[in-house]
Structure formats: C-alpha cells, structure tokens
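What TrEMBL says about this protein:
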ACT_SITE  E93  active site, proton acceptor
ACT_SITE  C346  active site, S-methylcysteine intermediate
BINDING   C113, C117, C120  [4Fe-4S] cluster binding site
BINDING   G167, E168, S199, S221, L222, H223, N303  S-adenosyl-L-methionine binding site
DOMAIN    99-341  domain 'Radical SAM core'
Amino acid sequence: MTTPVNLLDFDLDGLTSFCEGLGEKRFRATQLFRWIHQRGVADFGQMTDLAKAFRDKLAGVAEVRALPIISQHDSRDGTIKWLFDVGGGNAVEAVFIPEDDRGTLCVSSQAGCAVGCRFCSTGHQGFSRNLTTAEITAQLWFAEHYLRQHLKTTERVISNVVMMGMGEPLQNYDRLIPSLRTMLDDHGYGLSRRRVTVSTSGVVPMMERLARDCSVALAVSLHAPTDELRDHLVPLNKKYPIDELLRTCTAYLASAPRDFITFEYCMLDGVNDAPEHAQALIELMRTHGQRGLRGKFNLIPFNPFPASGLKRSPMPRVLAFGKLLNDAGIVTTVRKTRGDDIDAACGQLAGDVQDRTRVQDRVARQRTVVLQQMPKPKVAAPRERL
Ligand code: SF4
C-alpha cells in the first residue's frame, strides 16, 4: 500500500496541481487549503462544503499528517516549547514566544545543522537531514491551532514566524520556499512578508534566490566584525566572507519588505565583545552604508552549554557594546531572553539528532584549536563581575 500524500507538503499552487490531478477544479484546492490552514481541520469528513465524491477521493490518497509530539514545556513567562519526532531517531523543536503586540513562532528547518557555528547547541549536535516542506509547515499548523484551542479564540494567535530554530534554512531552500508561501498566502496563514523572517548564517547564493523567489524579512548571523574572527565562529564565512555577504545584503534590500537587514550578534565573553569589536563593526557598517546597506543589530546574550567552552558576556559589557553602536547611529537592541526555565532561548534548541555527517566529530576536533587561535582584541576589555 502506498503512503498517502501529506497535504501539508504543498503550497496553494502545489495543492492545486495535486487536485487537478484528481480531476478537480482549481477552486476546490483553495477550499481545501483554507480548511487545512485557516481552520486546522485534518479530517476530510468535516470539510462540509467539499463535494462528498471529492472527500472520498482524498481519503483514498491523501491525509493531513501532523508531527508526533514528544514533549511540551510551558515556561512561566508564557513561552511554550514543543519537541517533535521527525523519525529515524531525530527530533526538532519549535518555540512560541508571546509578547504584548505579537505572537512569534520560532520554526526549525533541518534535523541538526551542518554549518557548525561554535556558539550554537544545534551546530554541536551535527546534521541528520533536511526537513520536508510538510515537516516545516506542520510546526506552524500544529502551534497555531493548538494555541487557538488553548486560548479559546478563533482569532489568529501567531502573527510572526522566525526561521531561527534548528538548521540553516537556506541550506534547505527548495523545501523552505513552499512553506514560506503557505505562511504568506491569504488562504493560508496570511502573514505579512515583514513578519516572516529567514535567519541565515550567510548562504550568499540562496540569499540572492530568496530575493527573487520569496522576499521576506532577512536576519543575518554576523557575530564578528572581521573575517579572521568570523571564520572561527561561523565556519561558512570561509566560503562567503563578510564583504561578499554584506554586498549581498545590500542587494537584498531592493526587494526586501523592510528597509533594513537585522544583524544578529551573539555576545561571547572575551571573544567578540570588546569596544574594539564594536568600533570595527561601526567602520564596517559605515563602509557598506555608503554602498546603500542599512542594518539594525540585535545583541544576543549567549546561552552557555558545556561543549562550547564559551561564556556569556556580562550584561554591563553587552549594554556598553550596544551603546557604542547606538551612539554611532546604528539602531541596536539587546534580545530579551525568554523561556529560560525550559531551555527555549536562542541557541539552546537541541532536539535530538542522529549525526550522519560527522559534524559533531569535526566540531569537537576543531574546538580546542579554535579556542587557542581565537583572535584577541588589541586592547583588553575591562572585566566586569559576572
Ligand atoms: S547558528 Fe544556525 S547556522 Fe549556525 S550552527 Fe546553529 S543552526 Fe546552524
């Protein structure tokens, strides 16, 4: 018996082709898409305005297959973290972060990650596989409709999606795009392009494609002002160095829904948090600003995990770093940590991954070397008490 097609795998165009293949008209696909994504209905029998013959046809070949949930953790601050089983011993996480004016879902795109950023718990776990479109979309489908039930509302709860969970989304490009389109589609979740953010460590060719195919808000994990330091922290920098990355960011702005790029900067004690690093960043942004780049910085207090060998910058230093950037005219904020009591903060999404590409081994081998070689600022930063 063949496995039924999971309809979460389709954007509206894909679902239309599928339905046309069953001999159905286009508008039937739109009705079906709305039942699934707007109303959260998985049972074809409940889709009462679809012809019985169409529902019977669907029941034989298709289904709406959710991801099995391994666990749910509710934080005191309202943050909720789900661990989903994606088979083969792999699990991925999604996190809902409620705020006064928005509800944000942080979504995973891969089981593990092959980029291997030094400060990232996911990167240390290694890589297993890309998630399918259905597995990416299923995180939003489940979270949105669970939250509506839980909060007893028919209104939309999730207003923002950030592709900042496990994985480098632009290394899973072909599966990511239909999922983004479903998020944006008025018959799906109807999210604004400004409120869907793809976060990347800097996969330059895919950033160029994203600008053409589905331009949403962009966040770039910068974390260092020089190639020398960024090579150590974000190994992908060796392939796509800072100058090339920032030129691509500038070009992205031509089609971006926002007039700036968000730059993420994880604050690592004694590694990238000295005033000299801030000064170098200011120079970097000045140079690229003259070419048209506009960016905002988001300073992220590092969430330590034992294998990293790294420590969180003391908060006074984070604030001093932010002040230097702000005083230079670069809008800079410090990310609030949320869900600390359930390990849901940025960089803590661990899931459970079968490392099939031996990234773990590579990261472990390189860690000692990296920490010995990490470029130091020319003048030591003042040390605050932890
Ligand atoms: S920060 Fe992102 S790109 Fe880097 S290892 Fe972690 S998940 Fe991968």
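Backbone N, Cα and C atoms are what each Cβ position is placed from, and that goes for glycine too.
Sequence features, as recorded in TrEMBL, placed on the structure.
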| residue | record | contacts (Cβ under 8 Å, 6+ apart) |
| --- | --- | --- |
| C117 | [4Fe-4S] cluster binding site | G123, S201, S221, H223, L233, V234, P235 |
| G167 | S-adenosyl-L-methionine binding site | V92, S108, S109, Q110, A111, G112, C113, T122, N130, L131 |
| E168 | S-adenosyl-L-methionine binding site | S109, Q110, C113, A114, V115, T200, S201, V203, L236 |
| S199 | S-adenosyl-L-methionine binding site | V162, M163, M164, P169, L218, A219, V220, S221, E264 |
| L222 | S-adenosyl-L-methionine binding site | R230, I242, F263, E264, Y265 |
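Between the two most distant C-alpha atoms of the annotated S-adenosyl-L-methionine binders (G167, E168, S199, S221, L222, H223, N303) there are 19 Å. Taken residue by residue with DSSP, S221 (S-adenosyl-L-methionine binding site) is part of a strand. Less than 6 Å separates the Cβ from ligand 1 in the case of C117, E168, drawn from the recorded positions E93, C117, E168, L222, H223, N303 in sequence order. For E93 (active site, proton acceptor) paired with C120 ([4Fe-4S] cluster binding site), the C-alpha to C-alpha distance reads 14 Å. Ranking the binding-site residues S221, N303 by how many other Cβ atoms lie within 10 angstroms of each Cβ puts N303 at the bottom. On a Cα basis, C120 ([4Fe-4S] cluster binding site) lies 9 Å away from N303 (S-adenosyl-L-methionine binding site). Using a 10 Å Cβ-Cβ cutoff, H223 (S-adenosyl-L-methionine binding site) registers 26 neighbours.
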